[in-house]
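Peer 1: Below, the features straight out of TrEMBL:
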type	residues	note
ACT_SITE	B:SER114	active site, nucleophile
ACT_SITE	B:GLU212	active site, charge relay system
ACT_SITE	B:HIS282	active site, charge relay system
DOMAIN	B:17-134	domain 'LD-carboxypeptidase N-terminal'
DOMAIN	B:181-297	domain 'LD-carboxypeptidase C-terminal'
There are 2 protein chains.
Amino acid sequence: MALARHFPRPLKAGARVAVVAPASPPQNVQALEVGIARLEKAGLQIERGRTLTAQRGYLAGSDVLRAEELNHYFRRPDIHAIFCARGGYGCLRLLPLLDYEAAIRMPKLIIGYSDITALQLAVLAQAGVPGLSGPMVAVDWPVLDTETEARFWELAQGATPDPLPLVGSAKLHVLRPGDAKGPLVGGTLSVLVRLLGTPYLPDLTGSILFLEDVGEAPYRIDGMLAQLRLAGVLDRLAGVVLGQFTKSDPVSETPSLTLGEVLEDYFGQASYPVVVGFPYGHQPQKNTLPIGTQACLQAHGDTATLRLLEPVVR
Amino acid sequence: MALARHFPRPLKAGARVAVVAPASPPQNVQALEVGIARLEKAGLQIERGRTLTAQRGYLAGSDVLRAEELNHYFRRPDIHAIFCARGGYGCLRLLPLLDYEAAIRMPKLIIGYSDITALQLAVLAQAGVPGLSGPMVAVDWPVLDTETEARFWELAQGATPDPLPLVGSAKLHVLRPGDAKGPLVGGTLSVLVRLLGTPYLPDLTGSILFLEDVGEAPYRIDGMLAQLRLAGVLDRLAGVVLGQFTKSDPVSETPSLTLGEVLEDYFGQASYPVVVGFPYGHQPQKNTLPIGTQACLQAHGDTATLRLLEPVVR
């Protein structure tokens, strides 16, 4: 079961944190600076990784540079958390190079989403350390609204909102009813499925899986869900929380199933609760979600509630 | 090891074959008719599947219709081979619904590529029946040149060209030198990796893996190869034959590694022979390749040779 065992410390004002780019480099230096300024204003002391200014194609420097930087911060007792500047692509390349023992000795929150999903799931699978699927420094922090920021800090400081207040007064839609209790695990679907068949995907048996994605046409989402089903993952879940699938329009003029039809095909007959419309994904306004801590999903009639049962930091 | 154990009969003039659409429907009815006419002219008796005229979004009818049609032809003793009209997307959905016992009792060549890769690899993994990664009826047959057609019929009729003559006098480039002997297995990379973590990917230990793809940017190819590496597959191969990666340009203006750099990153230090430039992929002129039969790859200096050591039909 994908339940965290080693917990980071609460992220308080005055804490020193690292800002790094383990996947692609920040696209906009100015946005990165605005994001860092927001974190400083919130009271954090920022240490900038060398990857913030490195580049090799779509990668923020070589694999060795990016992996060694993460390992360096994993090992530093004075670093409380690792904020990722941006996703893009590149974390998959690092997974065999990381010092998971150091992650166990000094558990730290890794904060980000999109490609960062690979890093967070690998650290949960290999080290039992939870993560926070939330705003990134060069992408979201420059434009973060107060509600999205408040929801982030609550979790990073150890609150267990019960029920979790949904950003923007979002309303969940019940695709399948039921009650689930289990570790909340997930991230970006296209990245998560890249871990199937490898030692870096946590055992999702009994989990409440949350998913989102961007820029993937319905037939691609279909293929990803097919792989999850063929791998036996969908049968073993306790529940599913579907976030936003943005820019998921069908390819040009070819006929297509809609995204809704695809989701219905895979989840419409599920024996566990499935909800859609969760405010989470590649959009500025969103809830942050913990990865690897106990939660409870209740979906009945037209009402659904997600409750967090334990803090992600201790 | 992914070695075929149950062999189809040679595909001779007069044989009855099925033409089906197990993934997406044919895009062009006229092209389908021209392709069928080509097969008839070659002496085959054609049985048209109902999926050729069915549609549900990007699928050629419901999963049950497509799976039951395949099973029907698997079980029919008078059907010698199954020609696929087109790829697209949809075979992944069928894999748990297929009658692999029937495929073992009456082995038949499944002919196609692209999305059909999933079907061919599943039938090799679950039934030990080889396939032919070759031209599709509504896509390639309407425009097939005589050389591409000749190379197809040679294999379908049981020849073992030694060495395999390359269509269009293509020249292989040696990325890594060496000698390999093992089952030739492969297809479209993006489809093959969707089988990782499922029971439908043959054990690739000791295999000569051949790969091609279409419409996948370098960062996506990178992610697919990363998954193969993380799953331990790349370490266990005997050799690699890289075909064409068409329409693989980087996304818009974002910086990118080139496809060549990506391939170098994953194969440049391989301990086995790796060749690039094989005439195989989403292009009209190409070699057909067997899936699951013994082959030998020799790559030295600037010369590389692929030899087929056993026929794909008996």
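Positions of Cβ are set from backbone N, Cα and C atoms, glycine also.
TrEMBL entries are annotated by machine, without manual review.
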Peer 1: Return the residues near B:SER114 (active site, nucleophile), defined as same-chain residues 6+ apart in sequence whose C-beta is under 8 angstroms from its C-beta, sorted by sequence, else 'none'.
Peer 2: B:ALA23, B:GLY87, B:GLY88, B:MET136, B:GLY187, B:THR188, B:VAL191, B:VAL214, B:HIS282
Peer 1: Excluding near sequence neighbours, so keeping only residues 6 or more apart in the same chain, what lies with its CB under 8 A of B:GLU212 (active site, charge relay system)?
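Peer 2: The list for B:GLU212 (active site, charge relay system) reads B:TYR113, B:GLY187, B:THR188, B:LEU189, B:LEU242, B:GLY243, B:GLN244, B:PHE245, B:TYR280, B:GLY281, B:HIS282, given in order along the sequence.
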Peer 1: Summarise the domain 'LD-carboxypeptidase C-terminal' (B:181-297) by DSSP state, stating how many residues are helix, strand and coil.
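Peer 2: Reading the DSSP string over the domain 'LD-carboxypeptidase C-terminal' (B:181-297) gives 32 helix, 34 strand, 51 coil.
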Peer 1: In the domain 'LD-carboxypeptidase N-terminal' (B:17-134), how many residues does DSSP assign to helix, to strand and to coil?
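Peer 2: The composition, in the requested order, is 55 helix, 21 strand, 42 coil.
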Peer 1: State the mean pLDDT for the domain 'LD-carboxypeptidase C-terminal' (B:181-297).
Peer 2: 96
Peer 1: Take the Cβ of B:HIS282 (active site, charge relay system) and count every other Cβ within 10 Å, whichever protein chain it belongs to.
Peer 2: 20
